[in-house]
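Inspection log for the structure reproduced underneath, given as structure tokens.
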Amino acid sequence: MKQKEGVIKPKTKRAKRFLDNRAPKLTENVKNAMIMKGGNTSMTVTQALKDIYALKKPSAVLYKNITLKYNIFIALPFPITNIFCLQEFFSKKTDSSLFLFGSHNKKRPNNLIFGRLFDFHVLDMIELGIEKYNSLSAIKNSKCPEGTKPMLVFAGEAFDHDDDHKRLKSLLTDFFRGPVVPSVRLAGLEHVLHFTALEGKIYMRSYRSLLKKSGCRTPRIELEEIGPSFDFVLRRTHLASDDLYKTAHRQPKALKPKKKKNISHDTFGTKFGRLHMQKQDLAKLQTRKMKGLRKRRGPAAAAEGETSSKTAKVEVE
């Protein structure tokens, strides 16, 4: 590829396809995640990164000991400068907009940092500490297939009222939701990720939904824990400003649905239409002709009809 005056011009068809895939689109590609292991980590952090990578596959890239490979020592990422340069460098390399960084030290043991990027720059990141952890291999149950789109459940008042928890909810939704699809079959709804905010902690649980016989058309659903399970505590946060956060959520005009007149939807998505008609005269309304609705003759008209029929018969005879 040849770069001239800030514009990259491809020399081969392969390079052209690569640049077309990276170019801005109305509907962006699936968000990839970079999962990185820092210079100082514990066995808990290392296994946790592998388990989250297994949940995120195939839209994830796992890096091991990148700090040693690129001569960067990052023990405490929240002094921000090194981690910003590192994430922005790898986001351009792998076309990723999400990242997870694991580290461990005496002051903040078993540390995980969830973050996301906008325009290849760090938008926000939140630091969570692992207090209790059960791995995928520790729970001996059958797992969901790779790439299964999970159902996300958030429980707790903090996710609705606290600003840090609101941003954490948005970040976790971006990280685990997977590709956007128009429809999902019932058998494909088998993976559930449940997040609970209670007493300053965040509990993450992973379940597999089982469809059991119920004696009717609707199956009975049971949840079976498959792991991993985490007990997190919220530590430091680095959040984007309101203006930058609003800019990151801006959508192109072509994707915004056009407003249609006289059409509305209720809470459940039912579509309603409104018709405008002129005032009708119900007296002239044409109804279905039935025998019971016919007009009956009066008694005088009925007597005249009988005499006329008798005289006609006499004349014929």
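Using the three backbone atoms N, Cα and C, a Cβ is placed for every residue, glycine included.
Where the annotation comes from TrEMBL, it is an automatic prediction and has not been curated.
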Candidate ranges 258-287, 288-317 [criterion: TrEMBL lists as region 'Disordered']: 288-317
Averaged pLDDT score, the domain 'Brix' (31-243): 85
